[in-house]
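Here is the structure we will look at, set down as structure tokens.
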Amino acid sequence: MLQARVQLKRGFVKATTTGVPGGEDVKKGPDTFKRSALLALGALGIVYGDIGTSPLYALRECFTGAHGIPPTPANVLGVLSLIFWSLIIVVSVKYLLLVMKADNRGEGGILAMMALVMQRQRAQPSHRSRPMLITLGIFGAALLYGDGIITPAITVLSAVEGLHVATAVFDPYVIPIALVILVALFLVQRHGTADIGAVFGPVMCIWFLTLAGLGVKELVHNPAVLGALSPWHAVELFRHNHLHGFLVLGGVFLVVTGCEALYADMGHFGRKPIQLAWFSMVLPALMLNYLGQGALLLRDASAARNPFFLLAPSWLLYPLVALATVAGVIASQALIAGVFSLTRQAMQLGYSPRMEVVHTSAEEMGQIYLPGLNWALLVGVVALVLGFRSSSALASAYGIAVSTAMVITTLMAYVVARELWGVRRWVAIPVVGLFLSVELAFFGANAVKVADGGWFPLLMAVVVFTLMTTWKRGRDILAAKLRASSIPLKVLLGSFGDHPPVRVPGTAIFMTGNAEGTPPALLHNLKHNKVLHEQVVLLTILSEELPHVPHSERVEVEPLEQGFVRVVARYGFMENPGIPDVLKRCREKGLQFQLMGTSFFLGRETLIPTKRPGMAVWREALFAWMSRNARSATAYFRIPPNRVVELGAQVEL
């Protein structure tokens with residue numbers, strides 16, 4: 001049975017889950033609701049930052065964006081109806097009630113879902129849908145990198161633009177102020193958020209209460225706007241506006257752009273606390289604010305230029321800009337952390353080269369910082385702000401990547417429902433068809449934005465997809481080449497009977513990706529040094545398609561003959577493998593050695609691109625470049641550098 005406990009560490013509230021998928025998120029007991037409430041508060045600061053800051057710009061873009069429609073009363077009610085039903089169908093039903101059930105041992109996100117499906121199909125490697133699902137999953141993950149760059153830019157910029165409403169004096173300083181905030185945000189990533197993360201939830205709670213209060217203030221003056229909850233107004237909008245009514249969906253879509261991040265962050269808090277936060281606070285606050293903005297537009301159509309900030313009285317504008325900026329920073333922080341986590345998953349699943357991973361908290365293993373990726377994101381965000389120069393222009397670039405990722409998630413959820421849950425086709429197809437009809441409409445409306453900026457996230461997704469697939473394919477080709485040039489371990493051990501090598505004291509650990517063959521580094525050592533240590537450990541570290549591997553299953557130790565020992569260590573895609581941990585588990589299994597008398601032998605391949613079958617020459621050259629720039633195995637696995645011997649070899653791809 002899945003169990004969860006609440007951990008309170010330095011102000012953090014965290015759900016820790018163990019067991020099988022599909023169980024309860026919170027351990028049953030008299031204080032269940034209290035635990036759920038604490039976790040829900042934490043979810044406000046991490047999970048709902050992106051979708052919670054959409055009121056800053058979403059409704060405005062429906063009327064003033066590149067494909068906006070006039071803010072007539074009928075159009076206002078129609079857009080509000082579309083917003084309400086989008087939040088219900090896409091967020092509430094699809095993600096909160098259905099997709100979040102597709103967890104991989106408590107973890108969510110498109111790569112976690114792909115790994116979940118791959119587990120099921122591992123026994124059927126010839127399954128026809130397997131290559132397609134892998135391609136969809138990797139491309140969906142690549143799309144989210146564009147979201148990770150655009151979200152910080154648009155949320156912070158739209159918040160600072162609230163100064164336009166207060167006074168024109170700040171107009172020349174909006175972009176510099178936004179850039180200062182964004183640069184500071186990325187500079188503090190190296191220090192982590194352990195000390196300030198505890199306030200994220202309460203601050204976002206204040207933000208959502210403010211959203212609700214601003215909306216209610218205007219609603220009491222024009223309660224007729226509540227009629228927009230009827231889907232009839234959405235139908236009327238399409239009937240009267242025709243193509244323009246369809247294109248306005250590109251603006252409506254901005255209210256649901258945080259869904260993929262919401263699903264990816266599920267592992268932090270569990271499904272039920274996230275649902276509790278949505279239905280008890282986030283959804284009511286969002287709808288009250290959108291309805292309040294709509295009521296303002298019914299009273300004054302000119303307010304369409306910035307309906308969110310015009311909801312506030314003049315004396316509240318500066319505090320509201322400050323609060324919106326803080327909320328935007330929190331939303332951006334969640335997206336940046338999500339990109340770090342996604343990249344770690346890609347590394348563990350074999351779709352990304354090794355990068356430097358810094359743990360910013362001694363207590364929470366999930367809080368990580370990737371320096372190289374952090375600076376790449378900063379460059380991308382600054383370039384977006386300087387290139388687009390306004391949140392309205394950025395809105396044109398927003399949407400196409402996320403809408404495509406949503407379609408991919410729906411298709412993969414169908415596979416999960418059919419193959420893992422056993423849902424009958426006649427039940428699954430209509431449900432998936434409903435979601436696809438909505439999401440494909442959003443995709444079509446966003447597709448027209450490609451020329452206006454939508455090309456940026458698509459280009460970025462193609463680049464990331466190319467890098468990820470090239471790395472995976474290159475590693476597979478390299479592994480096949482090394483296996484072909486290797487010899488079975490039994491053959492090597494058998495040859496020692498006639499020509500035994502000289503044995504020297506100590507332990508040698510040879511790291512190898514092939515748990516059955518002889519490590520190339522071992523053969524090179526024998527060839528050049530003509531000696532073997534008294535104890536030889538063949539160590540293979542495997543990444544499983546699970547988020548976490550139980551400690552009891554972490555390490556397998558298999559004694560072989562002539563002083564050889566085979567060790568297989570398994571890690572999940574949410575874990576960081578490390579030699580200190582492996583050695584500790586080996587000692588617990590009875591494998592004895594002295595670290596200062598142990599040498600680690602690693603192979604280091606120099607890759608030579610060729611015109612042989614496998615990959616195009618340009619992809620082989622790209623793979624060789626990625627391999628040269630990947631973090632060394634010594635640093636990545638935290639091997640004592642003064643105990644490492646690297647043996648090189650040239651490999652023609």
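Easy rule for this one: first residue shown is 1, then count along the chain.
Glycine residues also receive a Cβ, built from the backbone N, Cα and C atoms like all the rest.
Marked as transmembrane segment by Swiss-Prot: 37-57 (among others).
The feature transmembrane segment is assigned by Swiss-Prot to 79-99 (among others). Same-chain residues lying 6+ beyond the ends of the transmembrane segment (79-99) with a Cβ under 8 Å from its Cβ atoms: 51, 58-59, 62-63, 69, 225, 228-234, 237, 248-249, 251-253, 255-256, 259, 262-263, 274-275, 278-279, 283, 286-287, 290-291, 294, 406, 409-410, 413, 431, 434-435, 438-439.
Among residues of the same chain six or more beyond the transmembrane segment (134-154), those with a C-beta under 8 A of the stretch's C-beta atoms are 50, 57, 110-111, 113-114, 117-118, 182, 185, 257, 260-261, 264, 328, 331-332, 335-336, 338-339, 342, 346, 351, 377, 380-381, 384-385, 388, 391, 394-395, 397-398, 401-402, 404-405, 408-409, 411-412, 456-458, 460-462, 464-465, 468-469, 472. If you look up Swiss-Prot, you'll see 134-154 (among others) marked as transmembrane segment.
The annotation transmembrane segment is assigned in Swiss-Prot to 168-188 (among others). Sequence-distant contacts of the transmembrane segment (168-188), counting only residues of its own chain at least 6 positions beyond either end whose CB sits under 8 Å from a CB of the stretch, comprise 152-153, 156-157, 160-161, 325, 329, 332-333, 336, 374-375, 377-378, 381-382, 385-386, 389.
Within its own chain, the transmembrane segment (196-216) is flanked in space by residues 10-13, 41-46, 48-49, 52, 55, 281-282, 284-293, 308, 311-312, 320, 323-324, 326-327, 330, 333, which lie at least six positions past its ends and keep a Cβ under 8 Å from the stretch. Taken from Swiss-Prot, the feature transmembrane segment applies to 196-216 (among others).
Here Swiss-Prot flags 243-263 (among others) as transmembrane segment.
For 278-298 (among others), the entry in Swiss-Prot reads transmembrane segment, with the evidence type sequence analysis.
Among residues of the same chain six or more beyond the transmembrane segment (320-340), those with a C-beta under 8 A of the stretch's C-beta atoms are 45-47, 49-50, 52-53, 56, 144-145, 147-148, 151-152, 155-156, 158-160, 162-163, 166, 181-182, 185-186, 189, 193, 200, 203-204, 206-207, 210, 258, 261, 264-265, 309, 312, 367-370, 373-374, 377. Swiss-Prot lists 320-340 (among others) with the feature transmembrane segment, giving sequence analysis as the kind of evidence.
Marked as transmembrane segment by Swiss-Prot: 368-388 (among others). Sequence-distant contacts of the transmembrane segment (368-388) (same chain, at least 6 residues past either end, Cβ-Cβ under 8 Å): 148-150, 152-153, 157, 175, 178-179, 182-183, 186, 189-190, 192, 336, 339-341, 343-344, 355-360, 394, 397, 453, 456, 460, 576.
Residues or ranges marked as transmembrane segment in Swiss-Prot: 397-417 (among others).
Look at Swiss-Prot and you will find 426-446 (among others) tagged as transmembrane segment, backed by sequence analysis. Beyond the transmembrane segment (426-446), the same-chain residues lying 6 or more positions past its ends with a Cβ under 8 Å from any Cβ of the stretch are 67, 86, 89-90, 94, 98, 246-250, 252-253, 399-400, 403-404, 406-407, 410-411, 413-414, 417-418, 454.
Residues or ranges marked as transmembrane segment in Swiss-Prot (evidence: sequence analysis): 450-470 (among others). Away from its own ends, the transmembrane segment (450-470) comes close to residues 66, 135, 138-139, 141-143, 145-147, 149-150, 346, 351-352, 380, 384, 388, 393-394, 396-401, 404, 615, 619, 622-623, 626 of its chain (Cβ-Cβ under 8 Å, at least six residues beyond either end).
Between the transmembrane segment (37-57) and the transmembrane segment (397-417), the number of CB pairs under 8 angstroms, six or more residues apart, is fewer than three, so the stretches are not in contact.
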